[in-house]
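> First the structure, then my questions, so here it is.
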Amino acid sequence: MANILRKIIENDKGEIKKLEKTAKKVESYADAMAALSDEELQAKTEEFKQRYQNGESLDQLLPEAFAVVREGAKRVLGLFPYRVQIMGGIVLHYGDVAEMRTGEGKTLTATMPVYLNAISGEGVHVITVNEYLSERDATEMGELYSWLGLSVGINLSSKSPAEKREAYNCDITYSTSSEVGFDYLRDNMVVRKENMVQRPLNFALVDEVDSVLIDEARTPLIVSGPVSSETNQLYHRADAFVKTLTEDDYAIDIPTKTIGLNDSGIDKAEEFFNLENLYDIDNVALTHYIDNALRANYIMLRDIDYVVSPEQEILIVDQFTGRTMEGRRFSDGLHQAIEAKEGVPVQEETKTSASITYQNMFRMYKKLSGMTGTGKTEEDEFREIYNMRVIPIPTNRPIQRIDHDDLLYSTLDAKFRAVVQDVKRRYEKGQPVLIGTVAVETSDLISKMLVDAGIPHEVLNAKNHEKEAHIIMNAGQRGAVTIATNMAGRGTDIKLGEGVLELGGLCVIGTERHESRRIDNQLRGRSGRQGDPGESQFYLSLEDELMRRFGSDRIKHVLERLNADDEDIVIKSRMLTRQVESAQKRVEGNNYDTRKQVLQYDDVMREQREIIYAERYDVITAERDLEPEIKAMIKRTINRTVDGHSRNDQEEALKGILNFARQALVPEDAISLEDLKEVGEVTKRSVNYDAIKVYLTELADNVYDRQIKKLRSEEAIREFQKVLILMVVDNKWTDHIDALDQLRNAVGMRGYAQNNPIVEYQSESFKMFQDMIGAIEYDVTRTMMKAQIHEQSREHVNERVSTTATGNIQAHQADANGQEIDFSKVGRNDFCPCGSGKKFKNCHGRKQF
């Protein structure tokens, strides 16, 4: 272990030496740049662009370009980047993570690589954790970029598509991670290229990169729409049932936070819902509602996982920042289950139209880099998932903060009393205190205890984060006491007030350890910025969440031996700190495995998503007639359907093909059974199915030509073809995403049968994807052949093609011959005799199977 640590430290030292060498090159240009007039310095940007166009690489331009930014910052902002900031900028340019301590000037550091990469003209995205920071940084640093001749845009969720397009077309665009992700998804749902807002993704520089790429990585970005509201009743029924259970009826696995019914719970469910077998295949949907109701009632905790707003809405609490996540909802029906639990109006369940994880979103950039104060603990994940190294940058001045060993109490009550006593002592001498809590309810409890102790203070949690920047800025003033849930207020510096240095600087008190060491380090890092003095102290109890889940029995025995009756007894030792960090490493390992699994599932979907989005983009941008593509779809649909029916009994096969032709290809009176028998040279023993394929293809080509002639102009034809394909693709893709969600839930259970769920998911999702392609081609064929076409102006084509853009398409979907079809002899995997081209189990046999 010691050898591994030594190797890591030596590697870091080697990197620092290389960075210092390049930084010195940058510094060597300082005098030359200082001698230039404003106009000459500003002209450098155009010179760099020209040199880049002439073949010089950005790496070659780096020393001079960084020097231009340094001199520009001095003249425009009154700031001159230190050597350590130049080193951080070099790390960022090369696509790695720069670990820079709080207060070391990350925002100014970013200006150098952002400027250099903007020279290519392909766009730079600066990603922040919230819109307040996007606006603040774009306004402050935008002065410098604009002065140097670069355009700066801010991409906010409230902006119109035209404003977003303008922001993305700038050299430098400030945005949040979620907004970039949603814009990407929305761009792949539009009908026309001119409605897209993004350019191809080039270079992203992510501020607080650990928060975005690690903490958010388990949360997929989802664009969804409502489904039938009849399901609301099931949420209430499942909730009513779950509330009748006792602790003996279900089992909770605390480390993984999963829950399931015991045998007694299953018996009660079967009695409550009047079922013979709860886990019968017909009850799959019901078990989903029961599972969600169990999680909502016995796993999800009010004021910790969510809060109920005054408007009677359930708001998610971000476990890493303590902020409420406006507009976000738990997926898979869990949010509705919580609404039923809390007795607030149950909002309509939604169906996913498009989704992507943060991991796959950011891996699409040509180059990705990031800054954070705490990234080293997650280095393996950055390297394995994003191919980024974490390089710690030395501080400009030595750190003077004193980090005290943890204090452990036996009960929560004893711990909180000790916290209040410590705060009171420091408040009385005027030292500012920042109290970090993990949950909203903890901050409320401590606030009440401080009020009782007569200590004035500010509370910063999920309930009032609008004021957070202002509260955090004043947290370093003499006598200030501030309670912050996790690291709300991250990104805003705490500057020390007059006379505070002499009192020991800002004291940070943690009321419990977070499950991630990184979050603890972020809290500690609020104190001791830029070489200021400071202190940090964590208070723990055996009743803390982390200690209950992963705490060592050894610690509990030590406390019991010391004094079982005195709850105010306290342990302070290095052994305790090591035990706590060991528990945190176990949790971090679990969380990493979870994120990795999310990525493995999304990687399967990513391949399919990229195929669909590439095909979509090809259709949207096509200036050509799409007739060859559509006729190829029609031909494949005919071949697929005829081949499918050819495996059946001869008479049934011919009837199935006839139904298909009448329903999807030609008018009813244009083809008869006798026609097929004649073309197929039918005898008692054989049918020439190849001849039938050729015959049907010729008929379909004639119908296609007649349909197209109804459109008078080339533009109208192309418009019709595009909307036809996009409408079908979007509908089928949405259904496919929904089916993949259900498949993922189903294969999870197969792990118990010794099958690898990921392998099963890959295999079955591939088959489903092939089926979806077949269904797309069938629907394009049927709609093309059966549409009632009439001219309609371009403006009237509805934008939301995924559900309503029928534009000038109105398809006949009734059974062509109006006769009842006998399904009694049809096998589960046979093609449906209705002529849809689907297997019976996925068509008219769906209810039966």
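Glycine is treated like the rest: Cβ placed from N, Cα and C.
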> Determine which of D444, D452, D493 appears in Swiss-Prot for the same ATP site as Q85, G103, E104, G105, K106, T107.
D493
> Residues with Cβ closer than 8 Å to the Cβ of D493 (ATP binding site), same chain and 6+ apart in sequence?
T102, G103, M473, R529
> Sequence gap of 6 or more, Cβ distance under 8 Å: name the residues on the same chain that satisfy this around E104 (ATP binding site), in order along the sequence.
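The list for E104 (ATP binding site) reads V84, Q85, G88, G373, I393, T395, N396, R529, Q530, given in order along the sequence.
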> Across all the protein chains here, work out how many other Cβ atoms are within 10 Å of the Cβ of Q85 (ATP binding site).
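Q85 (ATP binding site) is surrounded by 27 other Cβ atoms within 10 Å.
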> What span in Å does the ATP site cover, taken as the longest CA to CA distance among Q85, G103, E104, G105, K106, T107, D493?
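So the binding residues stretch over 17 Å, Cα to Cα.
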> Identify, in sequence order, the residues in the chain of K106 (ATP binding site) that are 6 or more apart from it along the sequence and have a CB within less than 8 Å of its CB; answer 'none' if there are none.
G88, A98, M100, D207, M371, G373
> Just name the most isolated of the binding-site residues G103, G105, going by other Cβ atoms within 10 Å of its Cβ.
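Each of the binding-site residues G103, G105 was scored by Cβ atoms within 10 Å; lowest is G105.
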> Looking only at DSSP and grouping its letters into three states, which state does E104 (ATP binding site) belong to?
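E104 (ATP binding site) sits in coil per DSSP, no helix or strand.
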